[in-house]
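I have placed the structure first, in the form of structure tokens, so that the comments after it can refer back to it.
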Amino acid sequence: MSFGPFLLLALMEGMVTSAVLALAAVGLSLVFGIMRVVNVAHGEFFMLGAVSAWFVSQWVPGPPAVAFAAALVLCPLFVGAIAALADMTVLKRLNYEPEATIVATIGLLYILQQAALSFYGPDARPVPAPFSFRVQLPWFGYSGYKMAVVLASALVLLGVWRLLAKSRVGLIMRATQYDRETARAFGINVDRVYAGVFALGGGLAALAAVLIVPIQQAHYLMGTEPLLLSFIVVIIGGLGSLRGTVIAALLIGLSDGVISTFFAPTLAKIVATLAVALVLVFRPQGLFGRRAL
Amino acid sequence: MTSRLIGKTPSRRSVLTGMAAGAGALAVPSFFPGYTHAQSSEPIRLGFQLHRTGIGASYGRWYERTATAALNVLNEAGGINGRPVEILFEDDGTDPARGAEVFGKLATQSNCDLVFGALFSHVVVGTAPRAAELKVPYLVCSEGHHVASGMLNRWTLQPGITDVKSQVQSMAPWVTQNLGKKVTMIFPDYAFGHDHRDFFTAAVAAQGGEVIKHIAIPPTETSFTRYFPQIPSDTEVLYHVMVGPAVLTFVKELGEFYGSGDRPQIFGFIDSLEAVDIASPGLEFLEGTHFWEGHPRYKQADASEHEVFYRAAVGVDDNGASVTDPADIATYAHMFSTWETLFVIKAAMEAAGYQGPADRQKLVEAIEAMTDFAESREHPQGAKTFNGKTHQAFGHQSISQVQGGKLIRVHQTSLEDGYYPDEVDYTTQSF
């Protein structure tokens with residue numbers, strides 16, 4: 001294959017990676033930005049989204065598109081509810097202390113993973129894509145669904161940005177992030193905000209998973225990779241910065257696509273990890289993060 | 001108080017009395033040989049290292065069913081030496097470290113006479129040293145060349161399935177003569193995949209062909225499209241072998257990549273599609289492509305009565321799916337190995353006059369003395385020969401073509417096609 005089409009394919013693959021990465025990482029970033037909680041169980045929310053999408057695809061009759069639409073709505077709600085429950089029953093009791101919440105979310109990771117193993121089983125199961133058409137380019141074919149994933153992800157991110165920047169809910173969230181005590185003094189129910197943010201973070205991870213599952217299949221161990229990549233993205237972008245997260249996701253996704261297509265996927269992971277190390281050394285707050293007080 | 005309990009120095013007399021009692025207790029059974037005989041009506045306990053979870057889970061599910069079905073057949077026919085047989089399944093998570101632990105647990109805590117059943121080569125390689133330490137026979141079903149290469153030890157044997165070296169060597173002539181001589185290989189980047197890379201490359205070269213590109217993919221990879229542009233455009237045959245939970249994604253993305261455009265001939269190991277329905281959406285492009293099968297998934301027109309019996313006993317329909325759930329596709333090309341290994345164990349235990357763990361060495365020697373297995377209920381996949389020096393079985397391989405959405409066998413290799421010179425003589429090693 002000649003250079004041009006080769007690059008095109010690399011960029012298309014990179015865009016898909018970026019899109020999913022941005023969705024998954026934005027939840028992690030939000031939770032850290034507002035709650036100061038490093039959620040190690042974030043990858044398992046992603047996995048739960050994919051697994052629950054499989055259940056929905058089994059239960060909802062009719063064409064795959066109907067089941068997929070149902071999964072897009074139901075799975076984030078379901079995972080968000082679990083996340084809210086985890087927040088209220090576990091994280092709140094720990095007063096959101098950084099060390100304690102890390103250990104607690106590690107525990108949550110194992111509970112969710114083993115629960116999926118018990119109730120869903122150890123197999124990788126496919127979820128049918130809502131539509132399957134292939135774009136046949138002169139040099140290679142490409143899945144039309146993958147292109148739709150990029151579009152859907154962009155729309156969702158736009159929605160999240162609007163929610164945070166333009167809505168009353170977003171105002172309350174930002175107020176809580178800025179100063180928890182003052183927000184409380186102004187009558188904001190901080191407990192509810194926290195539960196809501198944690199649910200939103202989990203729901204976004206689940207949404208990313210529902211989008212990706214027709215490409216990848218649902219499996220109980222699938223949460224590890226998105227967790228690592230999400231951490232890489234939020235560290236580079238700056239924890240808590242939405243804009244930074246999206247830009248870092250584009251950066252990591254596209255470089256992953258290009259490097260792994262032209263050289264080797266392992267090299268792409270090495271470069272990403274190196275980038276994290278360099279950012280931590282020279283700009284610990286991330287590219288767009290604010291310096292911690 | 002504590003000092004009184006533990007601090008008292010034993011007197012010379014109490015020590016001597018204790019020693020005499022202990023020696024007497026040890027000596028007693030030898031005075032009553034009838035007692036050991038009575039013990040031998042106990043069931044024989046076989047440990048099974050099962051990939052119930054982890055990346056090998058779909059194999060594990062079917063290995064458990066196949067071994068259980070074989071066990072029922074075995075026990076209904078009177079067990080081994082007239083003794084009933086039990087199999088203890090223990091999950092290893094398809095993980096080498098866990099595999100070694102499971103082996104120890106089965107051998108020491110559960111007192112199993114031997115352990116068998118592992119498929120994934122990294123688990124086998126990680127567990128085999130433990131078998132030698134504990135001096136417990138380890139009968140693997142792994143296809144890896146590590147048994148016959150001499151890398152493992154005298155306690156590890158592979159009598160139920162052929163190894164990759166033999167498989168690829170026996171099929172390379174057919175591939176180069178019928179599909180093409182310029183080959184690109186896609187394989188998982190660990191021991192099992194490396195066996196494919198090394199031996200198929202050599203076998204193709206021996207046929208006057210050439211492998212023009214190796215594409216190694218990490219076994220945990222979930223997305224594959226980015227690897228496909230590396231396939232050179234002058235490739236005549238694309239050779240693929242994949243394992244793990246992402247195999248369906250791999251084949252689907254391969255189909256998307258080539259689409260309706262030109263593509264090379266495709267020859268795959270059925271591993272890339274084990275437990276996956278060929279009729280899955282997106283796999284239509286496989287029509288006309290070829291696969292290696294250890295044992296044909298779809299019941300062939302010329303299926304032997306033994307094959308029919310085996311299929312029914314395990315509960316697999318003519319399309320290679322579970323009789324109770326047509327969406328539950330078997331790992332049919334590999335799972336016969338657990339069935340056949342169990343019957344090798346039976347034959348070896350009976351030949352060795354096996355009584356209990358003390359006879360483990362005799363059991364290994366009895367297997368080493370075996371030379372061939374006739375096609376039978378015990379060996380439904382077909383006739384095999386066994387090389388006691390290299391601890392490896394040799395058998396027939398099938399090359400199948402996807403025709404009308406089903407795999408139809410178009411070529412079967414002979415036993416001789418798969419032979420190669422011995423690389424080790426385990427029988428010269430000490431136990």
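Every residue, even glycine, has its Cβ placed from backbone N, Cα and C.
Pulled from TrEMBL:
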TRANSMEM  A:6-32  transmembrane segment
TRANSMEM  A:44-60  transmembrane segment
TRANSMEM  A:66-88  transmembrane segment
TRANSMEM  A:100-120  transmembrane segment
TRANSMEM  A:140-164  transmembrane segment
TRANSMEM  A:193-215  transmembrane segment
TRANSMEM  A:227-254  transmembrane segment
TRANSMEM  A:261-282  transmembrane segment
Among A:6-32, A:44-60, A:140-164, A:261-282, stretch most in contact with the transmembrane segment (A:227-254) (C-beta, under 8 angstroms):
A:6-32
Ranking A:44-60, A:140-164, A:193-215 by the number of C-beta pairs under 8 Å to the transmembrane segment (A:66-88), which range is first?
A:193-215
Feature contact check the transmembrane segment (A:44-60) with the transmembrane segment (A:140-164), CB under 8 Å, 3 or more pairs:
no
For the transmembrane segment (A:261-282), which stretch among A:6-32, A:44-60, A:100-120, A:193-215 has the most Cβ pairs under 8 A?
A:6-32
Please report, as numbers and ranges, the same-chain residues at least 6 past the borders of the transmembrane segment (A:100-120) whose CB is under 8 Å from any CB of it.
37-45, 47-48, 51, 54-55, 82, 86, 90-91, 94, 218, 220-221, 223
